[in-house]
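First, the structure itself, so that you have it in front of you.
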2 protein chains.
Amino acid sequence: MADQKATNVHWHEGDITREHREKTLGHKGATLWFTGLSGSGKSTVAVELEGTLHEMGVTSYRLDGDNVRMGINKNLGFSAEDRTENIRRIGEVSKLFVDSGVIALSSFISPYRADRDQVRELHEAAGMEFIEIFVDCSLEAAESRDPKGLYKKARAGEIKNFTGIDDPYEAPSKPEIHLHSDQQELAEEVQEILALLRERGIISA
Amino acid sequence: MADQKATNVHWHEGDITREHREKTLGHKGATLWFTGLSGSGKSTVAVELEGTLHEMGVTSYRLDGDNVRMGINKNLGFSAEDRTENIRRIGEVSKLFVDSGVIALSSFISPYRADRDQVRELHEAAGMEFIEIFVDCSLEAAESRDPKGLYKKARAGEIKNFTGIDDPYEAPSKPEIHLHSDQQELAEEVQEILALLRERGIISA
C-alpha cells in the first residue's frame, strides 16, 4: 500500500540531492543560455528545442521575458544597473532549475559579455552545466524580421538604448554553440544543440 | 533512430504547456509553503517529505534560506522592505517551479500574513496550487530546540527583530494544513500532507 510504503521505507543516504532528482527524471539538469539580437530567433529555436525534448521525455523549462520581466523582475527597469540585476537574477533562477534536475532554456538578448560570464561562473563554480548558445544573425536580417516592431520604434527614437541600434551587443567570444539563424534551417539548429547535450551526457541518445 | 525522430516528428498543438510537462513528470506542480517560527521544524518536515516523494518518483525541490539567501536574494537585508521583497521573489520562483511541473517545497519563517497572502494570490490568479502549511510549535519548544543558537543570540540582544522575540509572528488564519510539531510524530505530519496532495490530485495514490 502506498500509504504504508511512504512512511516505512526510507532513503538512507541523507538529503535528496541533484543526482537523486536527475535519476528520477532520466536526464541531467543544465542551463542553455540563448543570447542574440532582438529578432535573431532565440525564442524560435528555444521553442522548437523544447518541443523536441518533450517528445524525448525530457523536462525543460523556458525562461524568457514573458515569465520573468512580469514576475520576479517586475521591479526592474532598463538602466545599466537594472539590466545587470535582471541577468543576475535570471542566472540564479536558472541555477535553481539545474539543481532541480530540469533543463533551463533561458532566452534573453543579454547583450553584455560580463553579465553572461557571471552567470557562467555561477554555474561552473557549482559544478553545473552552462551552455552558451549564440543565436547569430545580421542586424539587417533581425531588423527586417522585427517581429515586435521594436526596431521601427528604436529607429524612430521612441525606444532608447536599444541593442544593435544605440546600445552595443557584445558577441560571445567562445560560445559552446554558434548558430547562424539567417543561414541555417531550424531543424539543423536543434540537431546541433541535441548533439552537444548527448556528447555531454545531459541527455541519452 | 533518435536523430531522425527528433526532427521529423512534431507536436502539433502549439507551445509546450505546464500540462505537457506534468504529463511527462507523472504528477502536478504545486507550491507547498511551510511557515512557522525558527526551530519549529519546517525544514525537518520538508526534508522528510522530499525523501518520501522521491521514493514515489515525484520530483520536488526545496527552496530555503540556504539556496535563496545566498543566491537570488543575496542583495537583500532584513529591513521590513527587504523581508517583503525576499518573500515576493521566493513566491515568484516557486510559481516558476509549479509552471515547470515540479512541486516546490518552500520553507521560510515568512512571519507576515500579508506577504504570504500575496504569494497565495500570485499562484491562485494563475490557476496554480498553493498549499500553506503552518508548522505550529510553542515558542518555548522552538526556543528549547534552538538548533542554530539564534534564540540565545536574540535574547542576548545580539540579533534584533527576531521573530517571536522582538518581532511578531502572524499565524495563518486558514492554512490548508495545520501541523503541531511539538505534539505530532514526523511520519504523521508527512502522511497528513500526502493525503492532501492525493485529495487534490497533485500526486496519484
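Each position is counted from 1, following the chain as shown.
Positions of Cβ are set from backbone N, Cα and C atoms, glycine also.
Computed from a predicted structure; not experimentally measured.
The following feature annotations were taken from TrEMBL:
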type     : residues                                               : note
ACT_SITE : B:S110                                                 : active site, phosphoserine intermediate
BINDING  : B:G36, B:L37, B:S38, B:G39, B:S40, B:G41, B:K42, B:S43 : ATP binding site
DOMAIN   : B:28-179                                               : domain 'APS kinase'
Looking at Cβ-Cβ distances, which residues of the chain lie under 8 angstroms from B:S110 (active site, phosphoserine intermediate) while being 6 or more apart from it?
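Expected: B:W33, B:T35, B:I87, B:R116.
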Specify the secondary structure state of B:K42 (ATP binding site) as given by DSSP, simplified to three classes.
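DSSP assigns B:K42 (ATP binding site) to helix.
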Compile a sequence-ordered list of residues in the same chain as B:G36 (ATP binding site), six or more apart from it, whose Cβ lies below 8 A from its Cβ; state 'none' when nothing qualifies.
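The answer is B:K42, B:I109, B:F134, B:V135, B:D136, B:C137, B:Y169, B:S181.
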Secondary structure at B:G36 (ATP binding site) (DSSP, helix/strand/coil)?
coil
Give the three-state DSSP assignment (helix, strand or coil) for the residue listed as 'active site, phosphoserine intermediate'.
coil
Return the residue, from the listed binding-site residues B:G39, B:G41, with the maximum count of other C-beta atoms within 10 angstroms of its C-beta.
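Of the binding-site residues B:G39, B:G41, the most buried by Cβ count within 10 Å is B:G41.
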